Amino acid sequence: MPNIVLFSGSSHQDLSQRVADRLGLELGKVVTKKFSNQETSVEIGESVRGEDVYIIQSGCGEINDNLMELLIMINACKIASSSRVTAVIPCFPYARQDKKDKSRAPISAKLVANMLSVAGADHIITMDLHASQIQGFFDIPVDNLYAEPAVLQWIRENIAEWKNCIIVSPDAGGAKRVTSIADRLNVEFALIHKERKKANEVDRMVLVGDVKDRVAILVDDMADTCGTICHAADKLLSAGATKVYAILTHGIFSGPAISRINNAAFEAVVVTNTIPQEDKMKHCTKIQVIDISMILAEAIRRTHNGESVSYLFSHVPL
């Protein structure tokens with residue numbers, strides 16, 4: 001493709017390479033390093049004048065360092081006269097801080113949106129935003145892609161009894177997500193209502209729906225410490241589910257997450273590769289990965305060629 005340059009930040013180079021391979025491109029030359037005082041240094045190693053630039057950087061790992069690196073890369077390309085800079089952020093950082101849920105709380109997702117715009121981003125491509133209203137925090141175009149088509153494909157190909165499954169949301173907020181998947185599979189859905197006492201602590205869970213003698217598939221956009229989904233798995237099995245799977249777009253898996261998954265009764269915990277999972281998979285055989293590089297690659301190709309991206313909301317590109 002002419003007039004396109006693809007750069008990778010240091011957060012998820014494996015995903016960036018997969019996207020580049022699918023597009024038939026070489027990743028652009030960029031050197032990122034830290035000065036002795038821990039400031040981030042970025043050197044763009046090739047001309048981007050008049051080019052359509054895409055920078056792939058996920059909000060994972062050392063999140064603050066990676067966000068700063070992305071902002072500097074965007075700005076470096078912008079002031080080097082690139083025609084357009086698109087930030088491809090598979091897992092959007094600070095997405096859970098999207099509203100004032102208590103007094104004096106910051107809306108950090110809005111701050112990140114402002115920072116990206118000020119740095120010089122012209123367009124954002126992301127996946128399964130924790131809250132879809134984050135798109136409205138930007139004054140530039142945002143394409144929020146969905147992992148749902150890839151999730152549906154995985155369910156049909158890997159769960160033999162999928163026609164006898166029930167899609168379960170671990171909280172009321174994910175009801176829209178699970179009803180969409182349940183409708184596409186033509187199966188029923190259930191949800192678990194949880195009463196939280198404080199962050200990362202779940203108090204009481206109430207199951208709404210009948211899971212007896214069915215394969216329960218928990219679906220959520222992200223899992224961090226995995227307390228919620230592991231409690232939910234126990235709840236579903238005690239309510240008569242034959243097997244429990246969990247399918248998540250963003251597998252953050254921090255703190256006690258891996259030991260909780262190992263001790264829980266999941267058949268599999270399936271995540272996409274918006275966040276690197278290689279190290280986690282070494283310590284947990286239940287984790288399986290859906291590759292979404294083809295969705296990102298096709299979104300980049302369509303954006304570059306001025307084509308519609310909405311086809312990707314319901315189809316997995318070949």
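The backbone N, Cα and C atoms fix where each Cβ goes, glycine too.
Here Swiss-Prot flags Arg96, Gln97, Asp98, Lys99, Lys100, Asp101, His130 as ATP binding site, drawing on similarity to another entry. In the three-state DSSP scheme, His130 (ATP binding site) falls into the coil class. Listed in sequence order, the residues of the same chain lying 6 or more apart from His130 (ATP binding site) and placing their CB within less than 8 Å of its CB are Phe92, Ala95, Arg96, Asp98, Asp221, Met222.
Among the features that Swiss-Prot reports, Mg(2+) binding site is placed at Asp128, His130, Asp139, Asp143.
On the 0 to 100 pLDDT scale, the region 'Binding of phosphoribosylpyrophosphate' (212-227) averages 96 in this prediction. The region 'Binding of phosphoribosylpyrophosphate' annotation in Swiss-Prot covers 212-227.
Of Gln97, Lys99, Lys100, Asp101, all annotated as binding-site residues, the residue with the shortest Cα distance to Asp128 (Mg(2+) binding site) is Gln97. Remark: secondary structure over the region 'Binding of phosphoribosylpyrophosphate' (212-227) totals 1 helix, 9 strand, 6 coil, with classes taken from DSSP.
Lys99 (ATP binding site) is 18 Å away from Asp139 (Mg(2+) binding site) when you measure Cα to Cα. For the binding-site residues Asp98, Asp101, Asp128, Asp139, Asp143, the ranking by surrounding Cβ atoms (within 10 Å, all protein chains) places Asp128 first.
Comparing the binding-site residues Arg96, Lys99, Lys100 by how many other C-beta atoms lie within 10 angstroms of each C-beta, the top residue is Arg96.
Counting in whole angstrom, Lys100 (ATP binding site) lies 24 from Asp143 (Mg(2+) binding site) by their C-alpha atoms.
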